[in-house]
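For reference, the structure discussed in these notes is given below.
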Amino acid sequence: AKTFKYIILG
């Protein structure tokens, strides 16, 4: 779930 990390980082 690397996508979530990028989403949070924006």
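Every residue, even glycine, has its Cβ placed from backbone N, Cα and C.
Note that this is a predicted model, so its numbers are computed, not measured.
Listed in sequence order, the same-chain residues six or more apart from Y6 (FAD binding site) with CB atoms under 8 A from its CB number zero; the list is none. If you look up Swiss-Prot, you'll see K5, Y6, I7, I8, L9, G10 marked as FAD binding site.
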Within the same chain, and leaving aside K5, Y6, I7, I8, L9, G10, name every residue whose CB is within 8 angstroms of the centroid of the CB atoms belonging to the recorded FAD site, in sequence order.
T3, F4
Which of the listed binding-site residues (I7, L9) has the least company, meaning the fewest other Cβ atoms within 10 Å of its Cβ?
L9
